[in-house]
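Dumping what TrEMBL says about this protein:
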TRANSMEM  B:6-23  transmembrane segment
TRANSMEM  B:35-57  transmembrane segment
TRANSMEM  B:77-98  transmembrane segment
TRANSMEM  B:110-126  transmembrane segment
TRANSMEM  B:157-176  transmembrane segment
TRANSMEM  B:206-227  transmembrane segment
TRANSMEM  B:247-268  transmembrane segment
TRANSMEM  B:280-299  transmembrane segment
Amino acid sequence: MSLLEVKDLSIHFGGVKAVQNVSFTIDAGIVYSVIGPNGAGKTTLFNLITGVYKPTSGEIRLDGESIGGKSPDELARRGVARTFQNLQICMNMSAIENVMVGAHLRLDRNLIKAALRLPGLTRRDAELRGEAAELMRFVGLDKYINARADSMPYGALKRLEIARALAMKPRLIFLDEPAAGLNPKETIEVDELIRKVADSGITVVLVEHDMKMVMNLSDRILVLDYGKKLAEGSGEEVRKNPDVIAAYLGAHA
Amino acid sequence: MQKRAYYGLYIVIAILAVLPMVLPNSFYLDLAIRMAINAVIVLGLNLLIGFAGQISLGHAGFLGIGAYASAVLPTHFGWHPLLAMVAGAVATGLLAALVARPIFKLKGNYLAMATLGLGIILNIALRNEATWTGGPDGMPVPAFGLFGFELSNDKQWYWVVAILLTVSVWASLNLIDSPFGRALRALHGSEVASRVVGVDVVRYKVAIFVLSAVFASLMGSVTAHYVGFVTPNLADFFHSIELVTMVVIGGMASVYGSLVGAVLLTALPQALATFEGWETVVFGAILMICMIFLPKGLVPTLAAKFDKGDQA
């Protein structure tokens, strides 16, 4: 059975139909990319599946369970992680604390125990600090382990978001333009990082404009245009699809 | 990094231990006690404002509930002062929890307005229920005693509030550096990011609002017993603003900033008394200058000057 199943999903903002009757399924363990011109509804689709928006109609199933309209924290409990196109880093915290927040649901969050600094809680926190440092190394942020988030460059913050998402130990991770604004060298590094994440058994859903990266990484690709599904298939199939070529190049098929 | 934050606690303990020996007379002892009481309230309020990024312009109302619980319940119903204090705190906690859910659906200016309104309503209630509260004139508060021992002189009160302050600083530091505290700071940094990692943001906002309200209520009770008299001014809008100002001047999201803010703003009106009718003007000017040159508050600005590394 597929891990994620989206059926006839739509959302309307007033008269704007940002996503219209989109259906697709994602099998566990693959890299699935969503591409399309600007304004095609890619990020909106992510926001729908990760609970930031509630769908107007349609169905989303994770492992067969309907998750449409569930809040982001309920989805987090079910192993859904994501990063953001426009960075959402907590600048009021250190880099490693940003990663540690990712492990929120795996920790004892009791207020009284925290205020009394009970040994069990601090021990677990110290362990977590080690785990978070390990994750920062995994995403290539070795030299920022003791840094403040607000002192880090843009490219590093992009990876910090990935590290935070990984700290959730997710089954499914949504990456919203992880290479946007990065230079070619950084893009190749992120490309390799996503490969490592996928190899670790996490299902990756990717929105990205860098076509080389998308073609290189994806097992399957969904093409959106004006909120509608234009095509779906392997890289090769999508590349040859006349509708996709028309949407991207503006040619008349 | 986190270890260093606790060094400040030793300094606080050292200052509190030495202070009574160097204070020249009872006027300064009284001032120190009021500083410490304010510091505890401001610590709680800073958790809400500085760390969680929410606002309350009605915290004096909660302080008023505590103060009047300690005045009314023992006087009219013969309750034990400790029981009255706990009852006040529980009532405050329940009220805060009840109003917090709808209030925290609001953001920014609306949240400020809602908490402002709540504070004003509480203040009006205290003013108008003259049969119980003595109305605008206030009422006396019986002395606080426990196990046959009565807190009667300022020296004793000093040690009580010094211990309360030390415990509050310690608990605040603990809380900030815990899963709970990180979630709180994260929802301030990015609400959507914290929701996506599983933080139930409304629950956390409500929890910290209730906690800071209970802090205020308990210290309201302490104030009432210490001063021996309560008036509705304790719970009025200006007092709420004064508390918020202490947070902002001392430094948002800074435990030691809370202490500095409380100490300075409690002392300043006394120090400015020589200006007679102009003291409020001078007071206002000092606050404005602080905000223009130290927009992050005293402690964080100074800390950043000396240290470009981790934040305490």
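The first residue you see is number 1, and the count goes up from there.
In case you wondered, yes, glycine gets a Cβ from its N, Cα and C as well.
Any TrEMBL annotation is an automated prediction that lacks curation.
Since the structure is predicted, the reported quantities are computational estimates derived from the model, not experimental observations.
Burial and contacts for the listed features, if you can.
Beyond the ends of the transmembrane segment (B:6-23), by six or more residues, the same chain brings 29, 32, 36, 155, 158, 162, 165-166, 169-170, 173, 255-256, 259, 312 to within a C-beta distance below 8 angstroms of the stretch.
Within its own chain, the transmembrane segment (B:110-126) has Cβ neighbours under 8 Å at 54-62, 64-65, 68, 99, 102-104, 133, 232, 235-237, 240, counting only residues six or more beyond its boundaries.
Away from its own ends, the transmembrane segment (B:206-227) comes close to residues 33, 37, 40-41, 43-45, 47-48, 51-52, 54, 56, 59-60, 62-71, 81, 84-85, 88-89, 91-93, 95-97, 100-101, 103-104, 141-144, 151, 157, 160-161, 164, 168, 180, 184, 234-235, 243 of its chain (Cβ-Cβ under 8 Å, at least six residues beyond either end).
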Ranking B:35-57, B:77-98, B:157-176, B:247-268 by the number of C-beta pairs under 8 Å to the transmembrane segment (B:280-299), which range is first?
B:247-268
Which listed range (B:35-57, B:77-98, B:247-268) shows the maximal number of Cβ pairs under 8 Å with respect to the transmembrane segment (B:157-176)?
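Maximum Cβ contact count belongs to B:35-57.
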Please report, as numbers and ranges, the same-chain residues at least 6 past the borders of the transmembrane segment (B:35-57) whose CB is under 8 Å from any CB of it.
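Same-chain contacts beyond the ends: 16, 63, 104, 111-112, 115-116, 119, 158, 161-162, 164-165, 168-169, 172, 175-176, 181, 184-185, 187-188, 204-205, 208-209, 211-216, 219, 222-223, 226, 237, 240-241, 243-244, 246-248, 250-255, 257-259, 261-263, 265-267.
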